[in-house]
Amino acid sequence: FLLDHYFLFCSQQFLELLQSMISSSGADNPAVRRVAIFGGTHGNELSGVFLVKHWQENGAEIQRTGMEVKPFLANPRAVKKCTRYIDCDLNRVFDPDNLGRTVVEDIPYEVRRAQEINQIFGPKGSDDAYDLIFDLHNTTSNMGGTLILESSRDDFTIQMFHYIKNALAPERCPVLLIEHPSLKYATTRSVAKHPVGVEVGPQPQGVVRADTLDKMRRIVKHGLDFVQLFNEGRKEFPSCTIEVFKIMEKVDYPRNKNDEVTAVIHPKLQDQDWQPLNNGDPLFLTLDGEVIAYKGDCTVYPTFINEAAYYEKKQAFVKTVKMTLTANHIRSSALNPNTS
């Protein structure tokens, strides 16, 4: 009996040890020491431009103990001209082909700028890349303060978004997941290990609104607060779940044989970002009064509705579906003496 009891006790001890090892494995994450805040990736999206210029002059509010936080104007030529870009969209050229292009005299300005950014904050995909980049954007769509997630497997960023959403509650803070097998964005922020898009609207191009700027500022503040808490290593962040809107498809405007837009966003869809869209709901309205309805088997949630910058991209809105993401619990390895 005593022998059996001993083996039972040892088995229990072994199981507890094994569970402890399993729960700890993968939980220790390196501290996030180098952070950048990009404004002006698009030169006419002025909230980020104004904030970054302010922080370059007086960055006390974005500094945190144990971190380097660098405010950076991503596309200064476009900012100076208050235009989205000079030659091509900077937020679409951080792919291997463009980053590896030979620099010649007629290379597009944004491609050359992408290579410079990759050299300063990357190289993309390397251990030397910046830990985190907040990339600040405005939209003309009624998206509120939106966080953009690039990978459903990025536990650290999902945990950060969970923290930001709770800090802003009851104010809504949707999360757009742009992970898709065929839609490749190659964003400016993708240079970092943890890319974070911040998209706040509605705000017209070339205009800055105090309320929109304040919302963006608070999102960045809470994000930096999270990083500091994480780096201190005295707090574990338990497993959490967040609701996200996963991108499924880009929808174009109706067009004629000359590729001209022949219908506008229907009034019942305008400004209804993140609201459910069901089969039969109106999408577009022609100038002759014809209503073009949505035809689909499932409820979707449109966003970037009637975004001004996307007319050239042939995009009236983006269809998304709701899903839930779960992040594993994380803690910083900064105070773990066994972690190099």
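Each residue, glycine too, has its Cβ placed from N, Cα and C.
Automated prediction, rather than curation, is the source of TrEMBL annotations.
Copied from TrEMBL, the annotated features are:
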- 32-226: domain 'Succinylglutamate desuccinylase/Aspartoacylase catalytic' (DOMAIN)
- H42, E45, H137: Zn(2+) binding site (BINDING)
- R84, E199, Y310: N-acetyl-L-aspartate binding site (BINDING)
- N91, R92, Y185, A186, T187, T188, R189: substrate binding site (BINDING)
- E199: active site, proton donor/acceptor (ACT_SITE)
- 241-320: domain 'AstE/AspA barrel-sandwich hybrid' (DOMAIN)
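For H42 (Zn(2+) binding site), the count of additional Cβ atoms within 10 Å of its Cβ stands at 27 [all protein chains shown]. Shown in sequence order, H137, N138, T139, M143, T146, L147, I148, L176 are the residues of the chain, 6+ apart in sequence, with a C-beta less than 8 angstroms from the C-beta of E199 (N-acetyl-L-aspartate binding site). Counted with DSSP, the domain 'AstE/AspA barrel-sandwich hybrid' (241-320) comes out as 3 helix, 31 strand, 46 coil. Same-chain neighbours of the Zn(2+) site beyond H42, E45, H137, judged by a C-beta within 8 angstroms of the site's C-beta center, are, in sequence order, G40, T41, G43, N44, G48, R84, N91, L136, N138, T139, A309. A sphere of 10 angstroms centred on the C-beta of T188 (substrate binding site) encloses 30 other C-beta atoms. Y185 (substrate binding site) sits 14 Å from Y310 (N-acetyl-L-aspartate binding site), taking the CA atoms of both as reference points. Each of T41, L90, V93, F94, D135, S190 belongs to the same chain as N91, R92, Y185, A186, T187, T188, R189, is absent from that list, and has a C-beta within 8 angstroms of the C-beta centroid marking the substrate site. Neighbour density at the Cβ, taken as the number of other Cβ atoms within 10 Å, is lowest among the binding-site residues R84, H137 for R84. Within the set N91, R92, Y185, A186, T187, T188, R189 that the record links to substrate, no two Cα atoms are more than 10 Å apart, and one pair reaches that distance. Separation of the C-alpha atoms of R92 (substrate binding site) and H42 (Zn(2+) binding site): 11 Å, rounded to the nearest whole number.
Cα proximity to R84 (N-acetyl-L-aspartate binding site) (within 10 Å) is found for the following binding-site residues from H42, E45, A186, T188: H42, E45. The full span of the recorded N-acetyl-L-aspartate binding residues, R84, E199, Y310, taken as their largest Cα to Cα distance, is 15 Å. Closest by Cα distance to N91 (substrate binding site), from the binding-site residues H42, E45, Y310, is H42. Nearest to T187 (substrate binding site) in space, judged by Cα atoms and limited to the binding-site residues H42, E45, Y310, is H42.
Considering only the binding-site residues H42, A186, T188, R189, no residue lies within 10 A of Y310 (N-acetyl-L-aspartate binding site) on a C-alpha to C-alpha basis.
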